[in-house]
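Undergrad: So that we are looking at the same thing, I have put the structure below in structure tokens.
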Amino acid sequence: MKMRLGCIIGLLFFFCYETSSYQPVDYSYNGKAMYNGETFRYNHIENYDRLTNFLQRLNRRNEDFPDILEALSKSIESSNNDEFERTDDVSNLKTCRLQWSKFLRDLQHQPYAWQMADSWGRKESGILDGNVRLYGNYYECIQAKGSTFDGKWCQAFLGYRYEPDVIGIPIDASVGVCFPSGCSESSITRILREILIDRRRNETYIPPLLKVNCPVSTEKQAWTSADTVGVVISAILLALNFIGTCVDLVKRYMKPNVGNVPESVNNDNQNSCTSKHPRLLERIALCFSIISNGEKILSMKPPRGALKNLDGIRFLSTTWIILGHVFMFAMYQIDNPVSTGRYLKSKADFMPIFNFTFSVDTFFLLGGLLVCYLGMKQLVKSKGRMNIPLMYLHRYIRLTPVYAYLILFSVGLYKWMASGPQWYGNAMSYYNNCKTYWWTNLIYINELYPASNPCFGWCWYLAVDMQFYLLSPFILLLLFWWRRVGITLMFLLTLASMSVCSALSSEGAIQPTVIYHAQQFSIYYRFYFSTKSEVTYEYKFKYDIYYMPWVRLHVYMIGMITGYILFVTKGKLKMPKLVVVSGWLISTGSSLAIMYALYPQTSVGANLATGWAVTYNTFARPAFGVCVSWVIVACISGYGGPVTKFLNWKVFVPLSRLTYSTYVVHFLVLDWYKYYQDEMIHFQTVNLVYAYIGTLCISLSLAFILSVTIEWPFIELAKVLLPSKRGNLSTKPNNVIEENQRKGDHALSVVPGEIPAPHDVAQEKIITEGCANGNSNVEDVCQNLGYIGESISSLSAENNQSKL
């Protein structure tokens, strides 16, 4: 226990190094000065000076300030070519002018006008460090209440190109402004352009005003049909949970006694929704019991026959994903991106964060391993029969309810969860991203169609994994009936996937993902790459080596090969001591090389030579999958030592049951934290550590709520309503298997033994139901009888271990 706690505390302190002191910014790249990089920043300073001078004049109520109003009056009387004539916004400009005039007059004696003027964003220190998002005071602005209008906060973007939400150094600047509520965005745009005129030269400042965004506050947002549907669905789910919990409580306190059946067996059957209870409605209600589902999730006892060390790997990989997302996406909201980027790139300690995408490969590996391991066990028990459509249906019901509910929540009720200058745009982005193509997520093709699908973009993994799952039964059948053909096919698919990745990397001169992550902190990246460029199918087929299934299949196949090895050896692979020591040294060294080999390039933002980039892209992910496979096989076979003890820690068992819901919900938590801010965050490592721990804890808490109310109820409901196909209990040996074994075409050596005739029918029924429900009191009897209660249903349920 002390060792495990020490490891966890050590991991936390790993991210708590003191940040380095600020150094002058170097805008050079490969020895060449970045074109107009310095000019770009100093122009921003000049622009802020103009706005600051304007605000000082406004606060002093200078006599010459009404000349802006005079210019506005002339613009109203302009020709038909005026942009406001074309947009029919002249009337609003007149209203805005009247309210603006009153605001200027009230500056002499009205507190609300002082609030509005005081809430404007002002030039701050650190502009050369990337501090170019000056929000001002959002809440001070919207809380300013005049006699005829209120304050209206807007964000004005100025620069060369509109890129409002980027990692690293922004290419545009923004200033928070406060105008009367009667002014539209176009009217405010006209006023700001007048403010930015250099009257000595009678020309508008270049770079120009790009855009003005005026977000709607949470209190003024409209109620939509998505909100109504979300409330209705939530009410139905809560009602089912309430009814199920009440039924569970009543049955727990009644405790009927059935003959001489042990009380523990009787209670399990009575309170489990999968028990053979005669009343179907009661069993359905029990599936939604928060108490029963909570007990199952929080139990530290692993499922019978489970591969224990997978729980630790699964949970740690989930935390690695969240860690990477916290550090990478927090970079959108910091006021010192230049020094932060230089600091992160200079520290080799942060390479695992830049390389956090390898955690996804761990889950592909686990998915393939469990599908093969559990699938082969099922095929042996069912003598080569598999209900593939039912297998797919169980998988779909396992994954979709929580996923669908969160999509519905994000397009509706999510917008009511926060407020702030950035919140409305974030909430509307979920609605706009999912309103058209939400259905592609629910049938798990969202990474393929349309070409650019931002709806729950982080769930691309679920689509790819589902597509691999659809392929897996056919490989399993080949492994069972024609072992050599199945093994050959898995190796060929692995090599084919690696070859595709190699060919795409070579043709497109694609750099490893970690290098792109490091280069996002460089100013040149902002000039030459746009975050708003539309992804096309041409791009996906020629340059995408991350999201597409054909470049991810190799690790999944490595997982299936690992699962087959564990199945054939029954988890007890015998290895000489030399092989064990060599295996640990090679896997540890390879993993460290994959994580840190590109540090010389990432530290300076340089590209790899094309040949080395192709080699890394081709072999890094499969090699990492092989390293994780070694850890799994070595630990299960008894060669893991302290690693096995740590990964088998019972605390990981309940935490691993929450990983799927944690993965799906954690990005909503991240966006909630990021866009709830009403000012920029100053990067310090300790602040990001707190953000990471907070995001992880909140995500796990929400995942538990989602699991007990939605995820697990539907898993249990599927067991009740859908048929399950159990293996044949016949004592007749399977001639096909024996023949294959005789010919050497199958590696299976265990055939279910002969079952003794039961002496009592009632006792047989009790034991059978206890075996079907996994009752620990009759586990030994189940094993002695050779009971094969692992159906297609249990295969799908146990395979959720591979889900995030």
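All residue numbers here begin at 1 and follow the chain in the order shown.
Cβ from N, Cα, C; glycine included.
Below are the features listed in TrEMBL for this protein:
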{"type": "DOMAIN", "residues": "93-208", "note": "domain 'Nose resistant-to-fluoxetine protein N-terminal'"}
{"type": "SIGNAL", "residues": "1-21", "note": "signal peptide"}
{"type": "TRANSMEM", "residues": "229-250", "note": "transmembrane segment"}
{"type": "TRANSMEM", "residues": "313-334", "note": "transmembrane segment"}
{"type": "TRANSMEM", "residues": "354-375", "note": "transmembrane segment"}
{"type": "TRANSMEM", "residues": "396-417", "note": "transmembrane segment"}
{"type": "TRANSMEM", "residues": "460-482", "note": "transmembrane segment"}
{"type": "TRANSMEM", "residues": "489-506", "note": "transmembrane segment"}
{"type": "TRANSMEM", "residues": "547-567", "note": "transmembrane segment"}
{"type": "TRANSMEM", "residues": "579-599", "note": "transmembrane segment"}
{"type": "TRANSMEM", "residues": "619-639", "note": "transmembrane segment"}
{"type": "TRANSMEM", "residues": "651-669", "note": "transmembrane segment"}
{"type": "TRANSMEM", "residues": "689-715", "note": "transmembrane segment"}
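Tell me what's around each of these sites.
TA: Residue counts for the domain 'Nose resistant-to-fluoxetine protein N-terminal' (93-208) under DSSP, split into helix (H, G, I), strand (E, B) and coil, are 41 helix, 26 strand, 49 coil.
Long-range contacts of the transmembrane segment (229-250) within the same chain: residues 271, 282, 285-292, 405, 408-409, 412-413, 708-710, 713, each at least 6 residues beyond the stretch ends and with a Cβ under 8 Å from a Cβ of the stretch.
Long-range Cβ contacts of the transmembrane segment (313-334) within its own chain (Cβ-Cβ under 8 Å, at least 6 residues beyond either end) map to 130, 165-168, 340-341, 350, 352-353, 356-357, 359-360, 362-363, 366, 458, 517, 520-521, 628, 631-632, 647, 652, 655-656, 659, 662-663, 666-667, 670, 674, 677, 680-683, 688, 691-692, 695-696, 699, 801-802, 804.
If you look at the transmembrane segment (619-639), the same-chain residues 6 or more away from its ends with a CB under 8 A from one of its CBs are 307-310, 313, 358, 361-362, 364-365, 369, 494, 498, 512, 552, 554-555, 558-559, 561-562, 565-566, 569, 571-575, 580, 583-584, 586-588, 590-591, 594, 647-648.
Same-chain residues lying 6 or more positions outside the transmembrane segment (651-669) and placing a CB less than 8 Å from one of its CB atoms are 4, 296-302, 310-312, 314-315, 318, 321-322, 325, 399, 402-403, 406, 410, 414, 456, 458-459, 461-462, 695-696, 698-700, 702-704, 706-707, 711, 800-801, 803-804.
Tertiary neighbourhood of the transmembrane segment (689-715): same-chain residues 12, 15-16, 237-238, 240-241, 244, 287-288, 290, 293-294, 296-297, 319, 322-323, 326-327, 330, 397-398, 401-402, 405-406, 655, 657-662, 664-666, 669-670, 673, 797, 800, selected by CB-CB distance under 8 Å and a gap of 6+ residues from either end.
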Undergrad: Are there three or more C-beta pairs under 8 angstroms joining the transmembrane segment (547-567) and the transmembrane segment (354-375), sequence spacing 6 or more?
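TA: When sequence-distant Cβ pairs are counted, the transmembrane segment (547-567) touches the transmembrane segment (354-375), since at least 3 lie under 8 Å.
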Undergrad: Check the transmembrane segment (547-567) against the transmembrane segment (579-599) for contact, please; criterion is three or more CB pairs under 8 Å, pairs 6 or more apart in sequence.
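TA: Contact between the transmembrane segment (579-599) and the transmembrane segment (547-567): absent, because fewer than 3 Cβ pairs are under 8 Å.
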Undergrad: Please give the sequence-distant neighbours of the transmembrane segment (396-417): residues at least 6 beyond its ends with Cβ less than 8 Å from one of its Cβ atoms.
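TA: Sequence-distant neighbours of the transmembrane segment (396-417): 218, 221, 224, 226-231, 233-234, 237, 423-424, 427-428, 430-431, 434-435, 438, 441-442, 455-456, 459, 462, 466, 660-661, 664-665, 668, 672, 706-707, 710-711, 714-715, 717-718, 722, 796-797, 800, 803.
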Undergrad: If we skip the immediate neighbours and take only residues 6+ beyond the ends of the transmembrane segment (460-482), which ones have a Cβ under 8 Å from one of its Cβ atoms?
TA: 360, 363-364, 367-368, 371-372, 375-376, 379-380, 384, 386, 388, 391-392, 395, 399, 403, 441, 444-448, 489-490, 547-549, 552-553, 556, 560, 564, 663-664, 740, 745-746, 802-804
